[in-house]
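Student: Mind looking over this structure? Questions follow.
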């Protein structure tokens, strides 16, 4: 039977037939609770070692989910080929294969598939995991290195609930160290596998991590797990064998750090690290404190809606859209006809006993506090961007511990402002036998918040940085000021007809969540 090579296929035809191995597969969550899946993603490889991404969407997921096994080989035909770019694609292929209801897959025998590679990797050197790649999120990366340190599990909690993570360190042949962060089940399952390998014999542990996201943490690139992450330890491939041979005489020990008191301290580390009062925040030098995270226990005093409380975001990358004569375009993912999804841009004034400061909460960070998506509030109340819904007005007077960094807006405007990275419930105190949230101003009213379900994530992080807002989202004339008399939430009502919409705003039951509730760590 005649087959086409993956290097030959393109969108010009619809009758391609390929013989491939499923090198990797994973499921992508499609619900706010993460209990169901919207798609299955595959990495396919052919006899030439060429790789391509394949996607099985929600409509046909049941048809194929139980008939495809990772590592097995198949003849696949009647699929759709598209040049659709995916921000988190796992292989650098030009096209993507999409399964349809007409797609047919037939498993191939071991004899007929002997020439199909078991793996496909696209390694990135530690030198190339630079700031530009980390900021732009150019796909998922594969890395190879010698495992040197395994840190203990760190458990923490926020409004999203408890989370667990583990840091491991890799070394390349030039002795550069790269930190890798594993979240959730990846963190808990890693050590057992590593221990088996390290106890077996005293040899270097060369590990391959695939499907890793690159983010900046305190200005340093960091690889962290995603739903596509897998790892391979000391596998028999030329790249690993050559790496191991180059490590002769350089030591093979893997340092397994004990948890002890450090692990226990991790429960409150993020909530209390670099604790500052508002006045201390306002006295910071932004050039000395760039990318440093601070925490501040304060009360929301008002929400400034002068420039709106939501923006029109791209359904794919959640960045702000640029208005065009035809509607909108996304300059971040080069989508010329993006689906518009509302996302939060809250300009919040917080206050403690020492002063008052503005802090911006975008996307998932704001959604974490509100417990509602911006798309839901827009659909239920009004598309008016400066008319504040009741769910947001209810936040005024509530106290939280804000984890914040100095916003990039500071360097563009010359005025100090902050952006929230995470938000925690304040510590509880006992009053008359009843547990109440402590208020830094010692108000009589306790600050409360909903405990309903929040969006699940693979790594509890939000996307790096604030969205590219193209609608004057932040007023450069606004400045953080010391404490003043209490003021009310600013909300100016205008007629619905005065706000002109461009493009199509899809309601939440059809739209992707306006922003993941992943919080940058």
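Cβ atoms are placed via backbone N, Cα and C, with glycine included.
Below are the features I grabbed from TrEMBL:
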type     : residues : note
DOMAIN   : 3-106    : domain 'Replication protein A 70 kDa DNA-binding subunit B/D first OB fold'
DOMAIN   : 136-220  : domain 'Replication protein A OB'
DOMAIN   : 294-412  : domain 'Replication factor A C-terminal'
REGION   : 431-500  : region 'Disordered'
COMPBIAS : 445-457  : compositional bias 'Low complexity'
COMPBIAS : 465-475  : compositional bias 'Polar residues'
COMPBIAS : 490-500  : compositional bias 'Basic and acidic residues'
Student: By DSSP assignment, list the helix, strand and coil residue numbers for the domain 'Replication factor A C-terminal' (294-412), in that order.
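Tutor: DSSP classes over the domain 'Replication factor A C-terminal' (294-412) add up to 23 helix, 52 strand, 44 coil.
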Student: Which numbers of helix, strand and coil residues does DSSP report for the domain 'Replication protein A 70 kDa DNA-binding subunit B/D first OB fold' (3-106)?
Tutor: 7 helix, 44 strand, 53 coil
Student: Could you give the mean pLDDT over the domain 'Replication protein A 70 kDa DNA-binding subunit B/D first OB fold' (3-106), rounded to a whole number?
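Tutor: That region's mean pLDDT is 87.
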